[in-house]
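Worksheet: one structure, shown below.
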Amino acid sequence: MATVDDLKFQEFDDAANLLAANPDATTISIDEPTEIPKNQHGRLQEPGREEDDELLGTDDSDKTELLAGQKKSAPFWTFEYYQTFFDVDTYQVLDRIKGAVFPVPGRNFVRLYIRSNPDLYGPFWICATLVFAIAVSGNLSNFFIHLGKPTYHYVPEFRKVSIAATTIYAYAWLVPLALWGFLMWRNSKVMNIVSYSFLEIVCVYGYSLFVYIPTAILWIIPQKVVRWVLVMFSLCLSGSVLVMTFWPAVRDDNRRIALATVGTIVLLHALLSVGCLAYFFDAPELDFPAPIIPAHNGTTLITK
């Protein structure tokens, strides 16, 4: 039969002997996890890490990106496949709009706002709103220009809606498609070129057009100087977003090719803004014929 001494744990005897030898020793309980002091955690971080996180994005965005890549994608013929392109909330869309309206030098728009969850919701509705803003503002501008002229009879031009829709959506889809194909081709030639997906490029172009919505509304002002100041201001804002986004993707390429690529991006963007202003708002003034009023004696009177 076992004695009382045989039932004792050897570890307790060792701990008791150590405490007896060194009464000032401290013990750690296994049940209570140790906490790392906040100041010690702050010392473990590198000095420039906070600036890098602020410039390139937080670690949470990297985790979100990795988790997004692990999701099982649905077949492209199903509704679930296209539903993922519209899986954003209002705060994300507003944050991306603010990033496009107030660009900060040195910050990549795709890396900060788009790459974790690219969407088509914002670009689609921004383009739709811009189409109606240009068409309605163009009709109102034409009305205010000829307001007070007795020979002018206002007729709404609904064809401007279809022309604006064709122009805006063709620019927002065909130009990103051509740019994506060009970057893929150059990526096969130069290995260290930054690559963007087609959806990311569409997002950049879609959100960069938001600044033209309030600009199109202000184009109603019948002053050419004010209109051209507005178009230059909007072109600088939206064009800077495109330049700061796509310059890192081509700067490691041949110098002439890189400059030609960025110059083409800015030129196409300028043609869109100037073309919309010239066609929808600065159309040449038409010489309307004077109305003919028939008289009772069989003669006609022409009013001047």
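Here the Cβ of each residue, glycine as well, is placed from N, Cα and C on the backbone.
Annotation source TrEMBL lists region 'Disordered' at 24-61. Among the features that TrEMBL reports, compositional bias 'Acidic residues' is placed at 49-59. The domain 'Yip1' annotation in TrEMBL covers 101-273. What TrEMBL records for 120-141, 161-185, 197-222, 228-250, 257-281 is transmembrane segment.
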## Note on the structure
Lying 6 or more residues past either end of the transmembrane segment (257-281) yet within Cβ distance under 8 Å of it, the residues of that chain are 134-135, 137-138, 141, 160, 163-164, 167, 171, 175, 179, 182, 186, 208, 212, 216, 219, 227-228, 231, 234-235, 238-239, 242-243, 246-247, 250-251
### Summary
Same-chain residues at least 6 beyond the ends of the transmembrane segment (197-222) with a Cβ under 8 Å from one of its Cβ atoms are 85, 96-97, 99-101, 109-110, 114-115, 118-120, 122-124, 126-127, 129-130, 133-134, 137-138, 140-141, 144-145, 168, 171-173, 175-177, 179-180, 230-231, 233-234, 237-239, 241-242, 245-246, 269, 273, 276-277, 280-281
